[in-house]
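Below you'll find the structure, written out as structure tokens, and then a few comments.
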Amino acid sequence: MNERARRRTTRREQAKRSGNPAKRKAAVDPALGPATPRDWVKGARPRTLGMAVGPVAAASGIAVFNDLFNWPIAVLCLLLALFMQIGVNFANDYSDGVRGTDERRVGPGRLTGSGKAAPKTVRNVALGFLAAGGAAGIAAVLLGQQWWLLAVGIVAILAAWFYTGGKRPYGYMALGELVSGLFFGPVAVVGTVFAMSGEILEDAVIIGVALGLLAAAAMLVNNIRDVETDRAAGKRTLATLLGPTVSKVLYGLLMLAPFSLVAIYAFALMYGPWVLLIMLIA
């Protein structure tokens, strides 16, 4: 096959994976049998839940330190974060599966891509968790009376779905790290503190940015792992654009920056020795 023919074939394969995933059907392999409860637990990707718990825990610590803690709102924000994270994991499973992006997947197996679960079922589970997260968020807003947070919640749900869903998912346009860092960082930390207190605290902004950088790093390292399969599937991520070498350098910077930011802020507030000890333990 000459170079021109190969390019035409590649473009056709990419075209097949573009567009609205709801209009595509993924093959379900009956030989694999229905997904077991264990498969569904794996599909929720429990290892990613720390990204949801971390910002709420940090925000709660900031609220306690400033005598602003409200435990019912903290619990609701935690449920919101967990449900949203699980929902976006299943949404990614569905959208990538029906597009065919997961056909050559390197990482943990997916329900849709492996054929263990019907795409419609995975989609409905994703929507169910996103709805549960929305309900927890509404309850938190009702308790805290911070009504503008409803708009933030709506944007968060849309961001969760359109990461890999819809006709033009931003996860396929190298924007995943940016959006992930924003919502798992400043939005989550500042939003949780604001829900409890109605205040935007400097501490929450700094810690939120630090956690957002870590969230972006977590997504980047996953995309570095998948760089070859993503290229083959026509999925543009930051790693496919920059290449593995530059992406690894960026990953190192994203991991270093949060600790540097918190250290500088802590020393400026004369908390240096304690924060240094915590960072060494971490």
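Each residue, glycine too, has its Cβ placed from N, Cα and C.
Taken straight from TrEMBL:
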| type | residues | note |
| --- | --- | --- |
| COMPBIAS | 1-10 | compositional bias 'Basic residues' |
| REGION | 1-41 | region 'Disordered' |
| TRANSMEM | 48-65 | transmembrane segment |
| TRANSMEM | 71-91 | transmembrane segment |
| TRANSMEM | 125-142 | transmembrane segment |
| TRANSMEM | 148-166 | transmembrane segment |
| TRANSMEM | 178-198 | transmembrane segment |
| TRANSMEM | 204-224 | transmembrane segment |
| TRANSMEM | 236-256 | transmembrane segment |
| TRANSMEM | 262-281 | transmembrane segment |
Check the transmembrane segment (204-224) against the transmembrane segment (125-142) for contact, please; criterion is three or more CB pairs under 8 Å, pairs 6 or more apart in sequence.
no
Counting only residues 6 or more past its boundaries, what in the same chain has a CB within less than 8 Å of a CB in the transmembrane segment (236-256)?
171-174, 176-177, 213-214, 216-217, 220-221, 223-224, 226-227, 230
Ranking 48-65, 71-91, 148-166, 178-198 by the number of C-beta pairs under 8 Å to the transmembrane segment (125-142), which range is first?
71-91
Beyond a gap of at least 6 residues from its ends, the CB atoms lying under 8 Å from the transmembrane segment (178-198) belong to 51-52, 54-56, 58-60, 62-63, 66, 68-70, 73-74, 77, 81, 140-141, 144-146, 149, 152, 156, 159, 163, 170, 204-205, 207-216, 218-219
Give the nonlocal contacts of the transmembrane segment (148-166) in its own chain as ranges (CB under 8 Å, at least six residues past its ends).
20-21, 80, 84, 87-88, 91-92, 94-96, 99, 101, 126, 130, 133-134, 137-138, 140-141, 172, 176, 179, 183, 187, 191, 194-195
